[in-house]
Amino acid sequence: MESPIVQAIMNHAGKGILFSLLAVIIMAAGVSRFDFDDDARNNFPPDDPFFLKYSEIENEYGQIDSALMLLSAKDGSIFTRKHLQSVAWLTEKSWELPHSRRVDSIANYQHTYSDDDELIVEAVLEAPADLTDEQIAEYRDIFVNEPTLVNRLVNRGGSDAIVNVMFNLSPESRKKDEIEIDQAVRALVAELQVMNPDLDVYLNGRVINNTAVAGGAYDDIKSVIPVMYLIIYGLLAILLRSLVAVVGVYLLTVMSVVACLGLSSWFGITISLLSLTSINVIITVSMAHCVHILVNFLQTYRTGVDKKEALKSSLLINVKPIFLTSLTTAIGFLSMNFSEMPTAQDLGNITAIGVVIVFVLSLSFLPGYLLLLPINRKASGGNHYAQWMDRFADIVVARKGSIFLVVLAVSVLLLALAPRNIINDRFTETIKAPHEFRTSTDYLDQEFGGLYTIEYSLKADGPGGISDPQYLQHLDDFTEFLRAQPDATQVQSYTDIIKRLNQNMHNDDPAFYRIPESRELAAQYLLLYEMSLPYGLDMDLSINSDKSATRLIVGYPTLDSRDVFRHEHDNAQWLEKNAPASMYHPGASLSVTWAHLGGRAMVSSIEGALLALFTISVVLAFALRSAKFGLISMIPNLLPAGIGFGIWALYVGELGMAHMTILGITIGIVVDDTVHFLSKYLHAQRLGKSTEDAVRFAFHSVGPALWITTLVLVAGFLMMSTSSFRPNSDLGLMAAVILVAALVLDFLLLPPLLMFIDRKTNKAPVVTAEAG
């Protein structure tokens, strides 16, 4: 059977290499425009209502871009002269950090008290060397019970203290500035630990978190990913028994990745941590295409057939399925444009571009490469794989009924478990233990909490309205409601300050720790306090410019998504019922935004994937010229992901952002397996073979390529699952499960299904299938 496309490829193989190289060079030139941005805010759509609400708070009060240094005393108390001197030294030095704009700690905390009816505002722990042991003990008791300090700058047990540094970061240089700050903070901490080795220091905060998350991904790029691909190409070399062929696969994948990133850059697409995943997908798709061509080529070539004829034979049975796989994979990834996340949309578009490039290079570069370089004809192994497949096919044909029922029953059972998964993306667990940053996060969570926050901008009645006693009373009632929540670890509220000032102005009488009686008094106290504050420690983070609103922040330890929703709902409901309508605020933060985005993104990605799979089935029905086979293809295309999620429900039960992309990432290989098996099956039927013999032919001709591809990719993805970066780890493990499920279904469910549905008898004796 001749094919004009195959004939053109064979006649112009040399030109194909030149065309490939020229096209790759032109596309790769776009790398000069390469733009990488790992800011987590890029994951939020511009019109996300929760992110917009949080942005309003940041615009009004300022962003909290911080680096947090937690000092833990090995002897159990931070309130010793030696340790307090370390806190004071670190506080002073932190002002010198790049882009520093504010430093908060117990060393510069502005303690207020009364002295002969005069308000004194001073940092009483600024010079610990001048304090007596009695004074230190007295201040310890004050500080560990001060609501504005406890679980924010000192833990309740008095063993740990925090130096919190805030920075001015510009969007244009944010990434570079964060790296600079991270390095400077680590250098400062190293100096401190030389001075005082009796302190353990843990780093955290938004700036440190951003660099740690990016660093986790970079560590994978430098260590895990290279080992992953070393395993992949090593296994490929062993299984194909041809180093030249494996080098060809490697060259094609490198060319595909470079060309894809270059062309994406030409189109102005910014690369993010999520869209970097496209590299893995492009490599898996390119490897699958190459393996199909190479296995059939080597299988035929090693029987003594001329190289050109062997390559032509392989192309004849692979060009159409490779085209269909590329088309359907591109459709699958373009479906990611249904996602709520801009970075997921970029991932889908970049990968779709890469899939097209891989398809073109597979039929232009690879054939010319194979004809140009010498291939070892004597290597053994390829035909053994086909013989194993022949024996396996005989077993499947002979026991099709029992195999079908068992596989179907297990599949349905696992599929039924899939809905038991819950969407629960805890951003504090992005880095896996025992990574240094995860250790720091867990310790901070244990001793202080507050890693999850909900913020409120509570409006008063016009400029200066925050001094109105009624407003302050409502604010104080809300503060006490939040503090009464069992898992609330810290509430930052303006009423704590104004009540303390009222007490101070009444000779520190505890009976006056309450809201001032008049608006005028409250305004005077605030003015007096603000005038006494040193540079850099103003009230801008908690009071807006015209004093018409205050910022309240409630902190919680690490929460499940459902607990974020519960607190968000309960807090907003309290405000709605107990405060004036003007004070109502739904609550906003990155914690809230992430929790809502995770659920919406998962739903939209599943909807997009299902639509893509339906579209793919329609495409296959037209391409295979059979609505029946289009419908049949849906079963092995849909079930693997469902089985994967079912197994995940058994062992983990929680889904995060990494799982949102898993359907798009694995759909290419899943569909690839089905398309190639069905294509070979239909090819055999057109040659006049019976249904059983057509199944045998499909196993013989494509079985080795399918299990080799699956084995190699599963080994690689399992290596990826060892990553300390949880999104990559979960992605690797889940992808491996889905790919194994896809192979099992294509080998044990699809063939019996074809034999039951597509009955066609042939009286000719059954013979062992032959490729071609």
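Here the Cβ of each residue, glycine as well, is placed from N, Cα and C on the backbone.
Keep in mind that what you see is a predicted model, and the values were worked out from it rather than measured.
According to DSSP, the domain 'SSD' (251-372) comprises 106 helix, 1 strand, 15 coil. As annotated by TrEMBL, domain 'SSD' applies to 251-372 (among others).
Taken as a whole, the domain 'SSD' (665-756) shows an average pLDDT of 88 in this prediction. Here TrEMBL flags 665-756 (among others) as domain 'SSD'.
Residues or ranges marked as transmembrane segment in TrEMBL: 223-240 (among others).
What TrEMBL records for 247-267 (among others) is transmembrane segment.
Summarising the annotation, TrEMBL assigns transmembrane segment to 273-295 (among others).
TrEMBL lists 315-338 (among others) with the feature transmembrane segment.
With a threshold of 8 Å between CB atoms, the same-chain residues lying at least 6 positions outside the transmembrane segment (350-375) that come near it are 5, 9-10, 13-17, 19-21, 23-24, 27, 242, 244-245, 248, 251-252, 255-257, 259-261, 263-264, 267, 269, 271, 275, 278, 281-282, 285-286, 289-290, 293-294, 297-298, 301, 307-308, 311, 315, 319, 322-323, 326, 329-330, 333-334, 664, 668. Residues or ranges marked as transmembrane segment in TrEMBL: 350-375 (among others).
What TrEMBL records for 396-418 (among others) is transmembrane segment.
The transmembrane segment annotation in TrEMBL covers 601-624 (among others). Nonlocal intrachain contacts for the transmembrane segment (601-624), taken as residues 6+ away from its ends with a CB within less than 8 angstroms of a stretch CB, comprise 320, 324, 327-328, 331-332, 334-341, 344, 423, 630-631, 633-634, 637-638, 641, 655, 657, 659-661, 663-664, 667, 671, 675, 678-679, 682.
For 631-651 (among others), the entry in TrEMBL reads transmembrane segment.
Counting residues 6+ beyond its ends, the transmembrane segment (657-678) has Cβ neighbours under 8 Å at 43, 274, 277, 280-281, 284-285, 288, 292, 318, 321, 324-325, 328-329, 332-333, 335-336, 339, 341, 344, 347-348, 351, 355, 425, 598, 601-602, 605-606, 608-609, 612-613, 616, 620, 624, 629, 632-633, 636-637, 640-641, 644-645, 648, 698, 702, 705-706, 709-710, 713, 726-728, 730-731, 734-735, 738-739, 742-743, 746, 750-751 in the same chain. Positions annotated as transmembrane segment by TrEMBL: 657-678 (among others).
Only residues 6 or more beyond the boundaries of the transmembrane segment (698-719), in the same chain, are considered here, and those with a CB under 8 A from a CB of the stretch are 224, 227-229, 231-232, 235-236, 239-240, 284, 287-288, 291-292, 295-296, 299, 317, 382, 385-386, 388-390, 392-393, 396, 669, 672-673, 676-681, 684, 731-733, 735-736, 739-740, 742-743, 746-747, 751, 768-772. For 698-719 (among others), the entry in TrEMBL reads transmembrane segment.
The transmembrane segment annotation in TrEMBL covers 731-750 (among others).
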> What else in the chain is close to the transmembrane segment (396-418), if you only count residues 6 or more beyond its ends and a Cβ gap under 8 Å?
Replying inline: 639, 642-643, 645-650, 692, 695-696, 699, 744-745, 747-749, 751-753, 755-756
> What stretch in 223-240, 247-267, 273-295, 315-338, 731-750 has the biggest tally of Cβ pairs under 8 Å against the transmembrane segment (631-651)?
Replying inline: 731-750
> With DSSP, how much of the domain 'SSD' (665-756) is helix, how much strand and how much coil, in residues?
Replying inline: 82 helix, 1 strand, 9 coil
> Is it true that the transmembrane segment (223-240) and the transmembrane segment (731-750) have 3 or more Cβ pairs under 8 Å, skipping pairs fewer than 6 apart in sequence?
Replying inline: no
> Is the transmembrane segment (315-338) packed against any residues at least 6 beyond its ends, judged by a Cβ distance under 8 Å, and which are they?
Replying inline: 1, 3, 5-6, 9-10, 281, 285, 288-289, 292-293, 296, 344-345, 347-349, 351-352, 355-356, 358-359, 362-363, 367, 604-605, 607-609, 611-613, 615-616, 619-620, 623, 661, 663-664, 667-668, 671-672, 675-676, 679-680, 683, 701, 771-772
